[in-house]
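Asks: My questions will all concern the structure given below.
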Amino acid sequence: MEALRIYLWSLCLSLCLIIYGANSDPLEDKRALLEFLTIMQPTRSLNWNETSQVCNIWTGVTCNQDGSRIIAVRLPGVGLNGQIPPNTISRLSALRVLSLRSNLISGEFPKDFVELKDLAFLYLQDNNLSGPLPLDFSVWKNLTSVNLSNNGFNGTIPSSLSRLKRIQSLNLANNTLSGDIPDLSVLSSLQHIDLSNNYDLAGPIPDWLRRFPFSSYTGIDIIPPGGNYTLVTPPPPSEQTHQKPSKARFLGLSETVFLLIVIAVSIVVITALAFVLTVCYVRRKLRRGDGVISDNKLQKKGGMSPEKFVSRMEDVNNRLSFFEGCNYSFDLEDLLRASAEVLGKGTFGTTYKAVLEDATSVAVKRLKDVAAGKRDFEQQMEIIGGIKHENVVELKAYYYSKDEKLMVYDYFSRGSVASLLHGNRGENRIPLDWETRMKIAIGAAKGIARIHKENNGKLVHGNIKSSNIFLNSESNGCVSDLGLTAVMSPLAPPISRQAGYRAPEVTDTRKSSQLSDVYSFGVVLLELLTGKSPIHTTAGDEIIHLVRWVHSVVREEWTAEVFDIELLRYTNIEEEMVEMLQIAMSCVVKAADQRPKMSDLVRLIENVGNRRTSIEPEPELKPKSENGASETSTPSEI
């Protein structure tokens with residue numbers, strides 16, 4: 001009895017500690033940042049105060065998983081002014097990322113930064129820092145990326161940089177550094193270096209530096225073999241070794257007459273060219289509206305220049321609008337500089353994976369054919385961004401200008417349900433097991449049900465499909481791309497994949513309803529059960545509509561033929577699959593008023609999952625051999 005009492009007391013104490021830890025702040029780190037903020041006085045307002053929680057609310061601050069320490073501070077372009085006060089930032093001993101770029105910070109490199117032993121990413125570019133660089137960089141053994149460009153640092157480049165075994169990017173451009181360039185050839189991980197426009201750097205250009213682009217060391221004094229200093233400048237256009245005779249003399253004209261003719265012809269050509277460009281521009285405006293750069297100008301990988309991601313910024317005050325509680329702190333310029341990879345092109349635009357300078361990955365959706373004005377667009381974004389639910393992909397920020405509309409989300413590395421179900425059906429494919437498919441179904445149902453409660457129970461997703469459902473770290477389904485039909489131009493009659501998801505009563509995408517969402521969700525359930533796309537073709541090029549096909553197979557009482565062949569290796573799931581099929585079929589009935597509500601579907605699917613028994617894959621049987629061993633039979637696919 002005494003032992004039981006001690007056990008219960010220990011359990012209560014542990015629970016109290018867990019609850020306290022979940023709601024506690026990294027108090028010492030918090031005090032350090034508040035002191036820093038008080039002295040630096042940023043011109044841009046930050047939501048930092050003593051009463052708010054650091055890890056969940058403070059802009060530009062990221063904590064570790066248990067919320068006990070701050071590991072990243074990102075405050076680019078917030079108007080920080082003056083010298084970094086000692087014993088503030090340096091007290092964040094668990095800090096890994098520090099970005100204070102594009103501010104008005106002055107003074108020398110803070111000596112007490114040596115306390116930041118875990119620092120991996122350091123961005124202090126575009127400030128007014130001066131004085132020598134730290135003598136011993138080896139105290140930051142985890143440094144991966146350093147950018148100190150566009151400051152006033154002087155003195156020599158420390159040779160201790162050669163001991164940064166993990167360094168991948170080093171930018172010291174546009175300072176007043178002097179002396180020889182140290183030997184950094186041992187840095188095998190170094191992928192980018194920029195020492196350009198440090199005009200007092202001297203000595204021969206090392207061989208290891210020549211493997212980098214010429215722009216990495218322009219504007220540096222070098223010593224050629226003759227011993228005289230020469231300024232490294234970009235190579236000029238191809239020069240001719242001898243002077244050619246004047247063209248005027250070939251024509252028998254005086255150079256004055258020839259010059260007048262050239263000027264007259266040039267004026268005519270320029271006038272004609274301007275007329276042609278004006279006509280083309282007007283035609284393009286009539287054909288495309290406001291005119292956004294075409295998608296084929298966007299690279300699938302590589303840096304996104306302003307010309308390739310955002311065509312232009314007409315209003316310099318336009319900037320990314322972040323939602324409260326978002327701990328990201330980057331700006332449009334960061335996105336423009338980020339490396340980008342096209343993840344997919346959907347109904348409402350193209351989605352990119354953008355990797356920022358501190359290795360943070362975000363998903364950026366570039367919308368097309370937005371019909372709403374700025375005010376209506378922003379109101380809809382506020383509704384979408386206000387939804388906080390574990391099964392809804394959270395909108396972190398958005399951007400609106402005349403030519404560009406962007407939405408920023410967290411990046412889900414596991415990809416979409418569509419890619420997991422239909423991508424890579426070859427030998428190396430890792431099939432989705434039944435338990436994961438159930439978690440996807442339950443998660444997506446909860447997410448959509450939460451969406452339907454928003455805006456006084458009137459919000460509609462409008463574009464539910466497997467490519468808009470993602471897997472989180474626990475393999476639960478998370479719904480993305482919600483609420484966009486309200487701001488988009490009406491789509492043409494559906495074709496291809498989109499036709500397979502759209503409810504029969506929907507003729508105008510702007511008039512989608514919650515019951516049409518239910519229909520689309522039912523199609524996703526059928527995808528999970530059959531492994532087939534909503535619109536697919538047979539080997540004979542026959543186009544198959546998934547909903548119609550399932551109806552016909554079930555009507556002929558060949559229900560077993562419906563299910564994905566990859567699910568047949570699991571035992572004890574037949575009853576669950578049949579129940580899920582019945583739920584899916586109730587969602588895709590033609591009469592909208594006969595479909596269940598999403599809240600009811602959550603309960604029905606959870607009931608199926610709660611009755612789950614032990615599910616184990618059956619051992620695979622080898623094909624029948626000559627001695628009579630049996631082989632498994634599988635239903636033929638359409």
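Residue numbers in this text run from 1 along the chain shown.
Cβ atoms here come from the backbone N, Cα and C positions, even for glycine.
So Swiss-Prot says this about it:
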type	residues	note
BINDING	L343, G344, K345, G346, T347, F348, G349, T350, T351, K365	ATP binding site
DOMAIN	337-608	domain 'Protein kinase'
MOD_RES	S339	phosphoserine
MOD_RES	T360	phosphothreonine
MOD_RES	S416	phosphoserine
MOD_RES	S419	phosphoserine
MOD_RES	T436	phosphothreonine
MOD_RES	T509	phosphothreonine
MOD_RES	S513	phosphoserine
TRANSMEM	257-277	transmembrane segment
Asks: Could you state the whole-number distance in Å separating the C-alpha atoms of L343 (ATP binding site) and S416 (phosphoserine)?
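Replies: On Cα coordinates alone, these residues lie 10 Å apart.
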Asks: With H, G and I counted as helix, E and B as strand and the rest as coil, say where DSSP puts T347 (ATP binding site).
Replies: coil
Asks: Of the recorded positions listed here (S339, K345, T360, S419), which is spatially closest to S513 (phosphoserine) when Cα positions are compared?
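Replies: In terms of Cα distance, S513 (phosphoserine) lies closest to K345.
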Asks: Consider the recorded positions T351, S416, S419 and say which one has the Cα lying nearest the Cα of T509 (phosphothreonine).
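Replies: So, of the listed recorded positions, the one sitting closest to T509 (phosphothreonine) is T351.
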Asks: Using Cβ-Cβ distances, find the residues under 8 Å from S419 (phosphoserine) that belong to the same chain and are at least 6 apart in sequence, listing them in sequence order.
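Replies: Sequence-distant Cβ neighbours: S467.
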Asks: According to DSSP, does S513 (phosphoserine) fall in a helix, a strand, or coil?
Replies: coil
Asks: What is the nearest of the recorded positions K345, G349, T351, S416, T436 to S339 (phosphoserine), using the Cα of each?
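Replies: Its closest listed neighbour, by Cα, is T351.
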Asks: Using C-alpha atoms only, work out the spacing between T351 (ATP binding site) and T360 (phosphothreonine) and round it to an integer in Å.
Replies: 16
Asks: I'd like to confirm something. Which of the recorded positions, K345, S416, T436, has a Cα closest to the Cα of T360 (phosphothreonine)?
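Replies: Given the candidates K345, S416, T436, the nearest one is S416.
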Asks: Based on DSSP, name the secondary structure state of T360 (phosphothreonine): helix, strand or coil.
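Replies: Its secondary structure by DSSP: coil.
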Asks: Just counting, how many other CB atoms are there within 10 A of the CB of S339 (phosphoserine)?
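Replies: Its Cβ shell of radius 10 Å holds 16 other Cβ atoms.
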Asks: Within 8 Å of the centroid of the Cβ atoms of L343, G344, K345, G346, T347, F348, G349, T350, T351, K365, which other residues of that chain place their own Cβ, given that this set defines the recorded ATP site?
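Replies: Leaving out the recorded residues gives R366, D481.
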Asks: Tell me the Cα distance separating S416 (phosphoserine) from G349 (ATP binding site), rounded to the nearest angstrom.
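Replies: Roughly 16 Å, rounded to the nearest whole number.
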Asks: Using a 10 Å radius around its CB, how many other CB atoms surround S513 (phosphoserine)?
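Replies: Summing over all protein chains shown, S513 (phosphoserine) has 15 other Cβ atoms within 10 Å.
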Asks: Could you check what DSSP calls S416 (phosphoserine) once collapsed to helix, strand or coil?
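Replies: S416 (phosphoserine) sits in a strand per DSSP.
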Asks: Distance between T347 (ATP binding site) and T436 (phosphothreonine) at the Cα atoms, whole Å?
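Replies: That separation, Cα to Cα, works out to 27 Å.
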Asks: With a 10 Å radius around each C-beta, find which of these recorded positions (T347, S416, T436) has the fewest other C-beta atoms nearby.
Replies: T436
